[in-house]
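Asker: Would you mind keeping the following structure in view while I ask a few things?
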Amino acid sequence: MGFAIHLINAAAFNEFSAAVKSLSGQADVQVAGREALFDQAIYPRLAQRTGVAIASPVLEFDAGVPGARGALKIIGIDPFRAGAVSPDLLGVPVEGKPFDMLADDAVFLSPAAMTWLNTASGGAIVLREGTTDFSLRVAGGLLRARAGQRIGVMDIGAAQWRFRQGGKLSRIDLKLREGVDRDRFERDLARELEREFPGRFQVAQPNDESLDARTNTLSRAYRVNLTVLALVALFTGAFLVFSTQALSVIRRRGQFALMRVLGVERRQLLGQVLLEGASLGVIGALLGIAAGYALAAAALHFFGADLGAGYFTGVQPAVQFTPVAAVVFFALGLGVALLGCLAPALEAARAAPAVALKSGSDETALSGLARIWPSLACLSVAALLTRAPPLFELPIFGYIAIALLLVGGIGMMPRVAAWVFGFLNRVAMRRARQHPVPALSLARLANASGSAAIALGGVLSSFSLMVAMAIMVSSFRVSVDDWLVQILPADLYIRNAVAGNTTSLGPAEQAALAATPGVARVQFLRSRQVSLDPARAPVTLIARDIDVDDPGQVMVLVGASAKRPAANGTESMPAWVSEAMLDLYGAKVGARISIPINGRLREFFIAGAWRDYSNQSGSVQIRLPDYRLLTGEQDVSDAAVWTRPGVTAAEVESRLRALPFGAALQFAQPSQIRAMSLKIFDRSFAVTYLLEAIAIAIGLSGVAATFSAQTLARAREFGMLRHVGVTRGQILRILALEGGSLTALGVACGFVLGLFISLILVFVVNPQSFHWTMQLHMPWGLLASVASLLLGASVLTALVSGRYALSGGPIRAVREDW
């Protein structure tokens with residue numbers, strides 16, 4: 001799993017980064033706006049600046065495509081300048097029409113876009129601006145576009161006219177003259193623009209490390225958490241190796257002692273046991289590398305580059321086998337296998353032959369497991385690390401705390417088993433005559449706590465991690481559902497029927513919506529992207545109707561709110577920031593925040609913080625009247641409709657569809673939005689569900705392997721019991737009771753340990769990774785089902801192994817065979 005997740009992450013990140021860089025071409029310096037668009041009046045100044053060879057203007061946006069899911073990225077360029085800066089964006093016109101690149105009705109599509117829109121050169125596509133559709137000719141293709149890139153290229157003047165973006169640009173790509181120092185040019189230009197146009201522009205080198213860092217930061221937490229979850233399987237596998245090897249060494253303890261008596265040195269014996277573990281590690285690591293590659297290829301094919309999370313849209317990466325990564329993960333698997341068998345190997349080498357030759361010395365080999373102070377130390381350090389802040393914006397200390405909690409919890413098992421089964425044994429011995437089977441079972445468990453702890457550890461490690469992941473995912477899902485209920489108070493929600501940022505509702509459409517019979521009131525919303533930090537992903541600015549006295553009507557407030565200052569004017573305009581803004585930008589309720597709006601930095605008073613599960617990089621809400629005052633824009637992107645008493649949402653929807661622009665609208669009731677959002681959530685967490693299933697499978701395998709090994713190793717014990725009068729059926733019941741008791745205790749302890757791990761995941765790892773909080777929710781049904789499955793598997797395994805161990809007869813079982 002670890003290798004598969006690494007291959008998926010590497011393929012997605014590299015392809016996404018390459019796709020972004022391909023749009024910048026050979027530009028040395030790039031000037032972009034803090035907002036999505038800026039006034040093109042700055043262009044002549046940059047084009048005539050000393051040291052600039054070519055300045056290529058670019059207009060970039062996502063255009064709506066009627067009847068299609070998703071938007072088409074349109075890039076408007078000046079063909080005469082882009083040829084020297086971004087040659088990959090030059091279209092190849094059809095034969096006989098060389099000037100189509102300048103036509104106002106032509107677009108050049110990438111192969112992926114042609115396939116998606118089911119068209120070809122010479123065909124046509126329909127795009128949407130506002131609520132109006134228009135057609136463009138497919139004048140040719142973009143032969144150098146990367147696989148999966150859905151882009152269309154137009155003449156920049158045509159793009160500005162067609163999509164009502166007159167005088168607007170997205171960026172200006174600069175190619176410098178020979179001998180010009182790029183770094184110095186970038187620094188000087190950035191200082192000059194910031195001095196004359198504060199908060200309006202950002203200057204960067206498009207193909208340097210800063211671009212990779214920004215792309216990396218956007219999805220880093222998601223990728224790291226996936227990798228850590230995948231390594232959970234490695235941890236449980238390591239303990240499975242330990243338990244298997246420990247039981248194998250105990251079963252052959254007498255044989256090893258005899259080998260020592262015959263002259264085998266400790267070093268040789270240690271090497272033999274380690275070689276056994278290494279053999280398992282080599283085979284397992286090789287199988288893991290092969291399975292990981294196949295799993296990565298399948299995951300990219302069925303789930304996409306981001307496994308459904310939405311981080312790497314518009315790319316189609318292929319799995320690239322990297323020998324270095326394969327060697328690293330092979331070494332990791334081999335190292336874990338060796339680490340798992342190290343303790344059993346050392347015990348086998350250190351055991352005194354005279355003691356080891358005696359029957360009944362098995363527990364002596366496991367006496368070291370009963371030391372409790374290392375476990376208490378691990379648990380104490382884990383508790384302290386939960387209070388530590390993130391490191392490199394990642395919950396590194398939270399991960400370490402989880403690992404220490406697991407190690408400490410497993411280390412406590414010998415002492416816990418001795419306490420619990422010792423108490424139960426004392427109770428059972430009082431009724432030993434009436435109930436010999438429980439008495440014999442509990443006597444063995446109470447006096448062989450080391451062996452019991454090995455069996456408990458396998459159940460504990462797998463079940464606790466499964467519990468933790470199940471609680472975390474369930475808590476997140478329930479929190480998202482509750483959040484949707486609170487932020488969707490209206491009866492009907494309306495937006496343009498196609499995706500993209502060229503689709504909006506103008507003043508006339510807004511008035512028509514409000515005047516529709518059956519509509520009690522309408523609230524409108526406008527959203528856009530703004531950049532507060534060039535090193536981070538853009539922040540979502542949301543303008544909507546907000547009641548300053550009761551903002552909780554349209555958002556889920558977190559923490560205390562601040563009273564707005566009494567000052568008049570724009571400096572007293574309130575804003576509500578998401579939880580991510582508090583962590584990423586250091587925003588504080590009661591302080592001020594500067595946001596680039598309409599080419600200027602505008603200051604807002606932070607009136608409160610709110611929970612936003614839809615924008616991990618941060619979002620800010622302001623009042624719609626304030627936004628319109630600052631920008632002069634009247635268009636909106638969404639509308640929320642409340643119906644009059646006695647009028648249903650379906651009736652209002654049918655009336656709205658009858659409007660002249662009704663066919664261009666998309667309608668959804670709150671229940672439909674919730675269902676669609678939870679479907680997206682489940683798709684995003686599909687890999688987590690898979691990891692849960694793997695944890696359960698490993699737990700079942702561990703239970704089966706451990707109980708089988710222990711049962712087969714006790715064949716002589718069962719033979720002796722048969723000689724003293726214990727029947728075959730009673731021995732099988734003893735084994736079933738032992739397996740059930742051990743698993744029940746492991747499940748109980750695993751639940752407690754998993755609950756504590758889930759608290760770290762919910763209240764430490766998730767807030768530090770994704771910058772939002774959630775409430776705790778227990779999936780009792782799932783936990784009970786898995787616990788029952790483990791309990792049944794342990795009893796069944798004990799019975800099957802017991803039948804095999806008893807098949808040889810009592811005389812053969814007690815015979816010493818050297």
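Cβ from N, Cα, C; glycine included.
TrEMBL lists 228-352, 693-807 with the feature domain 'ABC3 transporter permease C-terminal'. Residues annotated as transmembrane segment in TrEMBL: 226-250, 271-304, 324-346, 366-385, 397-424, 445-472, 689-713, 734-762, 782-806.
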Asker: Given the cut-off of 8 Å on Cβ pairs that are 6 or more apart in sequence, determine whether the transmembrane segment (397-424) and the transmembrane segment (271-304) share at least 3 such pairs.
Answerer: no
Asker: With helix taken as DSSP H, G or I, strand as E or B and everything else coil, how many residues of the domain 'ABC3 transporter permease C-terminal' (228-352) land in each class?
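Answerer: So the domain 'ABC3 transporter permease C-terminal' (228-352) is made up of 98 helix, 0 strand, 27 coil.
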Asker: Using DSSP, what's the helix, strand and coil tally for the domain 'ABC3 transporter permease C-terminal' (693-807)?
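Answerer: Secondary-structure composition of the domain 'ABC3 transporter permease C-terminal' (693-807): 99 helix, 0 strand, 16 coil.
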Asker: Average pLDDT across the domain 'ABC3 transporter permease C-terminal' (693-807)?
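Answerer: Within the domain 'ABC3 transporter permease C-terminal' (693-807), the model's average pLDDT equals 82.
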